[in-house]
Amino acid sequence: MKKVAVIGAGSWGTALAMVLADNGHDVRLWGRRKEQIDEINHQKTNSKYLPGITLPSQIKGHYILADAVKDTEIILLVVPTKAMRETVQELKLIISRDVTVIHASKGIEPGTHKRISEIIEEEFTGSNFLKHVVVLSGPSHAEEVSKHQPTTVTVSSKSEQASELAQDLFFNQYFRVYTNPDLIGVEIGGALKNIIALVCGLTEGLGLGDNTKAAIMTRGLTEIARIGMALGANPMTFAGLSGLGDLIVTCTSIHSRNYRAGQLLGQGKTLEEVLDTMGMVVEGIRTTKATYELAKQINVEMPITNALYKVLFEQLSPKEATGELMGRVKKHEVERLPTDLLQADFKED
Ligand SMILES: NC(=O)C1=CN([C@@H]2O[C@H](COP(=O)(O)OP(=O)(O)OC[C@H]3O[C@@H](n4cnc5c(N)ncnc54)[C@H](OP(=O)(O)O)[C@@H]3O)[C@@H](O)[C@H]2O)C=CC1
Ligand SMILES: O=C(CO)COP(=O)(O)O
């Protein structure tokens with residue numbers, strides 16, 4: 001049994017806290033609002049984020065961060081990407097023992113273009129207490145995990161030992177956890193699929209059909225893999241759970257906030273109206289900005305991301321964006337892998 005502090009009591013933090021409690025761990029769930037934590041402790045519900053679900057009694061809610069992390073050696077960070085940096089800054093001030101930090105958030109930070117594990121490592125600079133950082137990612141809607149529906153995810157870290165620790169922590173009969181050493185690929189796949197889900201939702205809102213969605217998902221995966229490889233990821237990761245798997249679950253499900261936000265945009269709502277309606281985090285919006293900036297900086301072609309950026313931030317209409325995407329110059333479909341990857345993958349040939 002491990003003591004685990006789950007930081008972030010939204011849908012995903014709460015669902016993961018349930019998995020950990022089902023696995024017999026001592027789980028503290030931190031949220032910033034006292035009334036929400038009172039509800040978690042007394043009613044055993046988190047009605048805003050997981051309506052209709054009863055939480056296991058072992059989950060203990062906290063609204064004071066220091067109480068949640070007291071004596072824990074494992075911290076699970078599940079706040080939205082925009083709150084990640086300030087949350088880690090606060091944690092760094094109160095942690096006084098070695099910790100392994102697992103994060104399960106999906107985003108890239110605008111401005112710095114950092115992945116979440118990079119933000120965590122950067123903010124812990126100067127502290128001796130951070131042992132390892134692990135990411136948990138993959139096709140996993142909180143609503144379905146909280147109902148024990150069979151789900152598969154991947155964990156990744158620079159440390160194999162830390163990946164295996166996270167695998168053991170979460171693994172059970174309804175939550176199957178794989179390891180993958182490609183930290184960059186796992187984080188990039190999880191973050192960037194939200195861009196593509198927004199666009200798939202947009203096509204639905206515009207009244208377009210399945211051909212268009214298949215095109216967006218397939219060409220979207222190509223551009224995720226393209227930037228991922230430019231950043232050092234293993235291309236095979238994008239065919240796995242944190243790539244194709246998460247793309248499918250997010251681009252085809254009404255549970256997805258990114259998909260739903262896209263749908264509303266396609267129906268003609270403004271970005272502001274969409275954000276007001278959602279009441280939950282839509283990570284793809286800031287990640288579109290971050291990825292657009294990063295792709296430009298490192299000169300990677302990402303036409304779908306660029307088109308969404310213009311719709312979100314430059315008032316291009318979705319119809320005009322569709323026209324721009326369809327009117328691009330003719331191309332080959334399949335890109336060549338860099339020679340060194342080919343050599344690494346096919347040594348025996
Ligand atoms: N939901 C899902 O199925 C999945 C989500 N994820 C990822 O998990 C991360 C968290 O998402 P999710 O739980 O779904 O989000 P939700 O929208 O369900 O909940 C957001 C949570 O973050 C809290 N929060 C918002 N702003 C801040 C802040 N500035 N400081 C501290 N806490 C804050 C909210 O608190 P409050 O209520 O007080 O506003 C709430 O607890 C995202 O990166 C998402 O992509 C990954 C896989 C699955
Ligand atoms: O990441 C998710 C499922 O794997 C959840 O996606 P949304 O944030 O779009 O709901």
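Think of each number as a place in line: the chain as shown, counted from 1.
In case you wondered, yes, glycine gets a Cβ from its N, Cα and C as well.
Taking a C-beta cut-off of under 8 Å and a sequence gap of six or more, K193 (active site, proton acceptor) has these contacts in its own chain: K106, G220, I224, G243, D246, L247, T250, C251. K193 (active site, proton acceptor) falls within a helical segment according to DSSP. The annotation active site, proton acceptor is assigned in TrEMBL to K193.
Counting every protein chain shown, the Cβ of S11 (NAD(+) binding site) has 24 other Cβ atoms within 10 Å. Taken residue by residue with DSSP, S11 (NAD(+) binding site) is part of a helix. Residues or ranges marked as NAD(+) binding site by TrEMBL: G8, A9, G10, S11, W12, G13, A142, R257.
For S11, W12, R32, R33, Y49, K106, A142, R257, V281, E283, the entry in TrEMBL reads NADPH binding site.
Annotation source TrEMBL lists sn-glycerol 3-phosphate binding site at K106, G138, S140, K193, D246, S256, R257, N258.
The annotation substrate binding site is assigned in TrEMBL to K106, R257, N258. All protein chains shown were included, and the count of other CB atoms within 10 Å of the CB of N258 (sn-glycerol 3-phosphate binding site) stands at 28.
Here TrEMBL flags 3-162 as domain 'Glycerol-3-phosphate dehydrogenase NAD-dependent N-terminal'. The domain 'Glycerol-3-phosphate dehydrogenase NAD-dependent N-terminal' (3-162) scores a mean pLDDT of 97 in the predicted structure.
Taken from TrEMBL, the feature domain 'Glycerol-3-phosphate dehydrogenase NAD-dependent C-terminal' applies to 182-321.
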Check: Under 6 Å from ligand 2 by Cβ, which binding-site residues from S11, R32, Y49, S256?
Finding: S256
Notebook entry, point to check: Just checking the binding-site residues R32, S256, N258: which sit within 10 A of G13 (NAD(+) binding site), CA to CA?
Noted result: none
Next item on the list: Could you measure between G8 (NAD(+) binding site) and R32 (NADPH binding site) for me? Cα positions, answer in whole angstrom.
Entry: 8
Next item on the list: Give the residue from the binding-site residues R32, K106, R257 that has the most other Cβ atoms within 10 Å of its Cβ, counting over every protein chain displayed.
Entry: K106
Notebook entry, point to check: If you measure from the Cα of S140 (sn-glycerol 3-phosphate binding site), which of the binding-site residues S11, W12, R32, R257 is the nearest?
Noted result: W12
Checklist line | Among G8, G10, G13, G138 [binding-site residues], residue with fewest other Cβ within 10 Å | finding: G10
